[in-house]
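Worksheet for the structure shown next.
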Amino acid sequence: MAPTHLRGALNMMFQLATTLGIFTANMVNYGTQKLEPWGWRLSLGLAAIPATLMTVGGCLLPETPNSLIEMGSKERGRKVLERIRGTDKVDAEFEDMVDASELANSIKHPFRNILKKRNRPQLVMAICMPTFQILTGINSILFYAPVLFQSMGFGGNASLYSSAVTGAVLAGSTFISIAAVDRLGRRVLLISGGIQMIICQVIVAIILGVKFGDNQELSKGYSILVVIVICLFVLAFGWSWGPLGWTVPSEIFPLEIRSAGQSITVAVNLLFTFIIAQCFLAMLCHFKFGIFLFFASWITVMTIFVYFFLPETKGVPIEEIIFLWRKHWFWKKIIPEYPQVDDSHNV
């Protein structure tokens, strides 16, 4: 539904809502942990509030122009489009939507279609972007921040407080991305954020490796420094891979494979979230400070990947994204110049 020149910023409202939810959850946990012995019940029970809001909001949410057109309600789709654009001069955009819908409806098997050679760049991004987003290590830090801070000498209350601080930083940093994404572009934010995250991970690894041995606690000064560097890491993630890990996949799929592509993106994200969550504590025990170098190595890989393989999508209508792949130095060697070439030779 977003207009092209605001698509990136509006897409990132998803990440903003997520980070605000994480921050709110941290603050609820911090506030209820003193209410013994029933505080944890209150903390869990309060989750019913956002669940209720989502249910009511879902009932009130209108259909998008694309979905209405795809279901055959072209007139309703045009009226919704005119309402959200604030003008009745939407002929060109409406025709693009109708054309894309007709093509999408001609595709009977989107999951089979996404495997074709002409959709190879989108498939690679649908897998790599969510995988890389999790391999930054952000979920591990957010999930186990209390464990990390306790192991570095903070008390239980300080651990929850530190988690709340990282949640606040993550939410605040999303505003930076919203303000910059449609001005600077996706690649600049991903690469700059990646470089900052690498530096932060290496600094934390060095501090813990040199100053934090077996059965030792960090001094207060070094503990504060570690928290600051972790916050800088979270800040970098919040303006780069956090929101853009969702934004980029959401805008690269043509309509005929968008449902399949978005499904793959979400499934891969949840799969790697589960894997890292299950493995992190064991990896922390075995790798110790090396866990941060492990994630720094992956961030290096993903930053190089973005530099060489991800074209800039800023200001490009979704219906025209296909031309970016055909002009890209690498992907143009893989996808056919004309779609019918691929249709006659299934890959």
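Placed from the backbone N, Cα and C atoms, the Cβ positions cover glycine too.
Curation does not apply to TrEMBL; its annotations are automatic.
Keep in mind the model is a prediction, meaning the values are calculated, not measured.
As annotated by TrEMBL, domain 'Major facilitator superfamily (MFS) profile' applies to 1-314. Residues belonging to the domain 'Major facilitator superfamily (MFS) profile' (1-314) score a mean pLDDT of 86 in the model.
Per TrEMBL, the feature transmembrane segment maps to 12-32 (among others).
Sequence-distant contacts of the transmembrane segment (38-61) (same chain, at least 6 residues past either end, Cβ-Cβ under 8 Å): 21, 28-29, 32. For 38-61 (among others), the entry in TrEMBL reads transmembrane segment.
What TrEMBL lists as transmembrane segment is 123-147 (among others).
Per TrEMBL, transmembrane segment is recorded for 159-181 (among others).
Annotation comment: TrEMBL describes 188-210 (among others) as transmembrane segment. Taking Cβ pairs closer than 8 Å, the transmembrane segment (188-210) reaches residues 136-137, 152, 177, 180-181, 218, 222, 225-226, 229-230, 232-233, 235-237, 239-241, 244, 288-290, 292-293, 295-296, 299-300, 302-303, 306-307, 310 in its own chain, all 6 or more past its ends.
Sequence annotations record features per position, and here TrEMBL assigns transmembrane segment to 222-242 (among others).
Taken from TrEMBL, the feature transmembrane segment covers 263-283 (among others).
The feature transmembrane segment is assigned by TrEMBL to 289-310 (among others).
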Outside the transmembrane segment (289-310), at least 6 residues beyond either end, the same-chain residues with a Cβ under 8 Å of its Cβ set are 124-125, 128, 132, 135-137, 140, 186-187, 190-191, 194-195, 197-198, 201-202, 204-206, 208-209, 212, 241, 248, 280, 283, 328, 330-331
Long-range Cβ neighbours of the transmembrane segment (222-242) (under 8 Å; 6 or more residues past either end): 15, 19, 132-133, 136, 138, 141, 145, 148-149, 152-154, 162, 165-166, 169-174, 176-177, 180, 189-190, 192-194, 196-197, 200-201, 203-204, 207-208, 211-212, 302
